[in-house]
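**Q** So TrEMBL says this about it:
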type: DOMAIN; residues: 31-307; note: domain 'Aminotransferase class V'
type: MOD_RES; residues: Lys196; note: N6-(pyridoxal phosphate)lysine
type: BINDING; residues: Arg341; note: substrate binding site
Amino acid sequence: MSVATTEHPVLLTPGPLTTSPQTRQAMLRDWGSWDADFNQITTRVRQHLLEIAHAAQTHECVPLQGSGTFSVEAAIGTIVPRNGHVLVPMNGAYCQRIARICEYLGRRVSTHSYAEDQAISPADIDRLLSADASITHVAVVHCETSTGILNPLQEIAKVVHKHGKSLIIDAMSSFGAVEVDARATPFDALIAASGKCIEGVPGMGFVLVRRSVLESCKGNAHSLVLDLHDQWVYMQKTTQWRFTPPTHVVAALDQALQQHRAEGGLAARGARYASNCRQLIDGLAALGLKSFLPREIQAPIIVTIHAPCHANYNFQAFYNAVKRQGFILYPGKLTTVETFRVGCMGHFGGEGMRAAIAAIAHVLDEMEISVAA
Ligand SMILES: *Cc1c(COP(=O)(O)O)cnc(C)c1O
């Protein structure tokens, strides 16, 4: 596991995140986009991603160039017909982004808002779907990265399925570490990206789409580059990407996926992150720093921490000092309270987390911020 140095800092961030040396080394050669060897890598990666969700029998994996949001926008644009109606339950910035995408694309959208420290309630979804039969799709964020809330996906999926509606999941910051089993959690589309819990580098996303749904999506998309149906048809026919693939990103993702499997797959990845998360919350609590969420809804991915209530604290100075110790923190994203965030995801474990907590303790001391009770 990675150890911090000032040349190779440990990123305590939700992507880009800390990758392994092998993953970075996989980028040290060039690939031709027409080359059969490269296209075999693409095929292997797509298959492997389906297997992580137990979706190989029912779904297709369509990769797409760009950051994760490109794939979210592509999924909404391709899967929701132009006269569709999307329900977006909202408890953070990434849900808001989905609603915004719907507005941009001219898809009808209804939202239902929660406080930022509240999980989405499946009973509310049930009630909202009963009240408005015109809703065709529900789009949910699995782990709301803006706070670290884990939404109750399986229960939500059951409700959506019961109503015969289509579920689109933004599993960007959970895929590969928190179980989503397509056989038990029915979904039409699940979106994630290379540079999150699989621990690849950023640059591509992918959407697992139910095959029968994808086959019916021709002509929905408003955009050529974001048309997942067209991307899929071309890839099935040629094994190639439609437009220039992010070759080095794909090669790194292939390597990262092999390490994911060698570590013990999703269960082992999830256990390592959960252990990082416990250690982080306990370690910071011992320094007098409190986490924002109750433990029951905290995902083992990223933790929001209340900023120390002290005159000497300001995030930028704190960030810079922690960076000098070899660790990169993440700013808070809440509007009402001052917070910062620390990621539990990336190529580090107990030793890395211990060092990170020691670095934060050192900086608090250096800045003469005493918050311990
Ligand atoms: C990272 C992330 C995204 C995608 O963000 P990009 O900056 O486009 O990569 C979308 N949803 C969630 C929940 C995320 O964590």
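Quick reminder: no glycine exception, Cβ is built from N, Cα and C everywhere.
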**Q** Among Lys196, Arg341, the recorded positions in question, whose Cβ has the most other Cβ atoms within 10 Å in this structure?
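**A** In terms of Cβ crowding, the pick is Lys196.
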**Q** Quick one: Cα separation, Arg341 (substrate binding site) versus the residue listed as 'N6-(pyridoxal phosphate)lysine', in Å?
**A** 16
**Q** Tell me whether Arg341 (substrate binding site) sits in a helix, a strand or coil according to DSSP.
**A** strand
**Q** DSSP secondary structure for Lys196 (N6-(pyridoxal phosphate)lysine), reduced to helix/strand/coil, please.
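**A** For Lys196 (N6-(pyridoxal phosphate)lysine) - judged by DSSP and reduced to three states - the answer is coil.
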